[in-house]
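Report on the following structure.
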Amino acid sequence: MRFHNFLLLATMAGLLVTGSVAGSKGLNPIDGESGTGKNPAIEGEPGTGYGVDRPIENRPLVPRSQTRLRPKSFLILGIDTRTGESSRSDSILLAVLNPERPTVNVIPIPRDTYVHVPGHGPTKINHAFAYGGTPLVKRTVEEWLQTPIDHTVVVDFKGFEQLVDLLGGVRVNVEKKMDYDDPSDGTHIHLRAGDQVLNGKQALDYSRFRHDPEADTGRIRRQQQIVRALIHQGLTLDAVPKLFPILNILGDHVKTSISPTELLLWVRSFYGFDPGSIHTETVKGVNQVARSDGLWYFFVEKDEQERLQQLLNNWRES
């Protein structure tokens, strides 16, 4: 089963929506320390989920004067858990967040990218998760782009669907009529062209659609479209009463190496965030069949790797 998804910008969208709603009501986001998060840390890394299982009055607040944040990089992985198969991370994004501007710069990494996976040799980058989980994906990306990764975030698609439905759907301008069915992975896309409100399943399918000449290029563009619309919708006053249900959804479907205290600082830093500040950088490469095994790969030249490395360095230092 494939998870041609995006969403973890939906992870970031969820964080930004949460921060915006909390700030608009003068609330302090929840600190989930002392083991109160609903999700365990990822593969032994320090951190927790977003759980909101403590009474509101017992949730400690984070002082505004606490540690100042600096730009950091986040490896965001999307996992499909519909049938229990989560052996490949088919959505991989590397994001750099700058809390001072604030800005979000994102590099979506095509899942078929030809890379060297430590201990396993050359293969598709999305195989790394099957071989060694989040830590191996992190190491693979760090070595491929010669850049350190500060935090990891893993999200399953169910959380995205629930978040969209909780917000009452997401309004997007569907770029063309789409009709496609794939019973093997539960994909059933039947959308008319034009402006409309999509529910969670429809928004997920819209972002997953890649059965046209644009393939992953069009998929990535549609992902950006929905994430921006989701963030914009979360900034409205209608989202204010839904703050804690949003946190519960994130708690059930997001795992992160970010400590609860630091997470709250990030949320606060992005209060009032402008979705237009999200910049997505396209990885340039070519899809072709490898002579060695007859499989399709996305090949990225060395000079393109170096360009991406320099971009990441600039984003971290700005």
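The backbone N, Cα and C atoms fix where each Cβ goes, and this holds for glycine too.
Pulled from TrEMBL:
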- 1-22: signal peptide (SIGNAL)
- 28-58: region 'Disordered' (REGION)
- 88-233: domain 'Cell envelope-related transcriptional attenuator' (DOMAIN)
Number of helical, extended and coil residues in the domain 'Cell envelope-related transcriptional attenuator' (88-233), per DSSP:
58 helix, 50 strand, 38 coil
For the domain 'Cell envelope-related transcriptional attenuator' (88-233), mean pLDDT (0 to 100):
85
